[in-house]
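Feature list (source: TrEMBL):
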- 6-72: domain 'J' (DOMAIN)
- 52-153: region 'Disordered' (REGION)
- 57-74: compositional bias 'Basic residues' (COMPBIAS)
- 75-110: compositional bias 'Basic and acidic residues' (COMPBIAS)
- 124-153: compositional bias 'Polar residues' (COMPBIAS)
Amino acid sequence: NNDEQNAYEIVGVGSDATDADIKKGFRQRSLKTHPDRNPHLKDAARLFHELTQAQNKRTRKRNQRRRQNGRNTHRRPEQIRDAGRRMVEERQAELLRQQKEAELAERSAQEELDPPPLGAYPLSFSSLHAQTSPQASTTPPSVSGTRSPSTPT
């Protein structure tokens, strides 16, 4: 326990500090003791090494306690598989939706190019032809009444 208390002192926080406080204290101390940032300090490399060792030790102990309490910070394999499965299913559903939209757009474009089906309009060619047929007006009974008197019969 004395070792753990010493680690908190090296980081510059109390033993009741939160994870955020510890992280902030470590960053501040590491900037003050990093050998590249402080070449004028003779013990900078040693101090920085002690600081990182203290942080690593504290982090290992924290993770060990979490594992023992069943609150591991890492995802379990079945959670990863489930998340991956959901992502695949969502992607497949999206691709299927896009495919249906493309088919619908293609179908409507093709319908615009196709001729209309037979009987789509109220008048068909045959009924139009029967109404204006020249035979109806040139049959012998109708023609006989239209002859001129000078023409012999």
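Backbone N, Cα and C define each Cβ position, glycine as well.
Keep in mind the model is a prediction, meaning the values are calculated, not measured.
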What does the DSSP secondary structure composition of the domain 'J' (6-72) look like, as residue counts for helix, strand and coil?
46 helix, 0 strand, 21 coil
What mean pLDDT score does the domain 'J' (6-72) have in the model?
82
